[in-house]
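Engineer: Sharing the record's features from TrEMBL:
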TRANSMEM  31-53  transmembrane segment
TRANSMEM  59-77  transmembrane segment
TRANSMEM  128-146  transmembrane segment
TRANSMEM  179-195  transmembrane segment
DOMAIN    239-454  domain 'Histidine kinase'
DOMAIN    488-603  domain 'Response regulatory'
MOD_RES   538  4-aspartylphosphate
């Protein structure tokens, strides 16, 4: 699994160093404020020069005015160069090149600010001199607020523009310097303190922005890592689906073969339970894989009417033996054939199965009741138990992944705290309400609430839960009421256990079957004269061959035969291609009744049936 890009560790202390990118941003702000200050000075210098020229020789002031005009022009050129460098240089190189330049520009700007006081010293009247001093102070104070992102730049302007002019006050204000100079010194101290605080503000702003960026990067990295882990898990399940389905597939075929050969009516009920249990395992397995695909955003939830009687009957069949083994009473109160809810059948089944299984695990004596009752224009499915219960402080977290109350470990230390988390996920995907009521040491009631929907008519569950449904309907038919068949079938599957199960079932149905584990063995059988009427081919073979390619080749050679793909990888590109070309795809584990129906169309019923 590819790991997301590493995020450097963050130093979030108040004196943490600023990154090169942060320093470049501070420099960018300083440059912008410095440009504004310099671009204003030509107009200010022109106004002051015109005012001074009314009564004095203004040649020095005109030179000062010209200096700022040229300075502003030069700074506009520097700005264009800086913009070009910003595109081609990294942040560290940009700071290294431009911070000294800006410090030099700030020094020149400061000297330019203090120059008029030197020019008019001993010549200007008190009013004009005071105007120059106030203008100088306003410029420096304004820069103390805006020019301090890079403190070194402002300090050069401050020292040259204000502090360097303080000795000149003795000549500029010969009669008032003893009052003005102390005030100017106090202002200098205030400017310095203000500049430091403003600089810290700018630095803190950049530091906070960098913290936010680091937190966002960590969040994105964690999100990407979680998504990658989820995708890796889903990829594993998709890849392993074939191997995981094989034992269940073999169990289903063997159970059907045993039921076909059974002549002991006393075994009818256990065999019925066995086949229904295999069917239940198959449904649960499919639901788990669908959950994985839903988490990956690959499957939509399909809400359909679900009959509660049928669902409860399946759950009873699945857990009846486990409850008996634990010495518990598992009761199901059927709500009636009219009871149905609007839900995704697989997700609802998974949720109810998890609730009942969880109740059985944490009930030491007594029993578990599965029931449903009408609530708020819908049905509330409830699982009651006389188990250990859930403490009040644990009830808010009981549906969280990997969470188990402390007392649960003493009862069953094999759990992982995922059963109820899956219930919550299923409920949320279906838009269902869920919850619990419990008392520690007394038991619990877990519930799901779903909207009502009239179910499709089906056989009464009471009939399906006893052995009557498995009684012989007519002589010659098996316990599922499936007629014997006759014909030739070629099965291509490289799993010996599955091949043996295929052989047992097809032989029980009266089908002449041959088995191959690869294309070479299949062609050898055909070359020896075996002419199949039905060809069933597994998709994933250990030889690395494509089952679909083998099936197409055999079908081309045997044009009168029918063929189908058999696979647990229901969403592989090869199987989707097979379906698009009109081939039948049978999912593992196989539904025996559906398989018989398919073969009955492709082969021939045995004469007399």
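Positions of Cβ are set from backbone N, Cα and C atoms, glycine also.
Just so you know, TrEMBL annotations never went through curation; they're auto-generated.
I'd like these features described in context: how deep, what's nearby, how far apart.
Structural biologist: Remote same-chain partners of the transmembrane segment (59-77), defined as residues 6 or more beyond its termini with a Cβ less than 8 Å from a stretch Cβ, comprise 34-35, 38-39, 41-42, 45-46, 48-49, 52-53, 105, 108-109, 112, 115-116, 119-120.
Sequence-distant contacts of the transmembrane segment (128-146) (same chain, at least 6 residues past either end, Cβ-Cβ under 8 Å): 33-34, 36-37, 41, 44, 48, 51-52, 113-114, 116-117, 120, 154, 157-158, 161-162, 165, 169, 172-173, 180, 184, 187, 191, 194-195, 198.
Beyond its flanks by at least six residues, the transmembrane segment (179-195) meets 133, 137, 140-141, 144-145, 148, 151, 154-155, 158, 162-163, 166, 169-170, 173 of its own chain at Cβ-Cβ distances under 8 Å.
Counting only same-chain residues six or more apart in sequence, the Cβ atoms lying under 8 angstroms from the Cβ of residue 538 (4-aspartylphosphate) belong to 492, 493, 494, 495, 498, 547, 565, 566, 567.
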Engineer: Three states by DSSP: which one describes residue 538 (4-aspartylphosphate)?
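Structural biologist: The three-state answer is strand.
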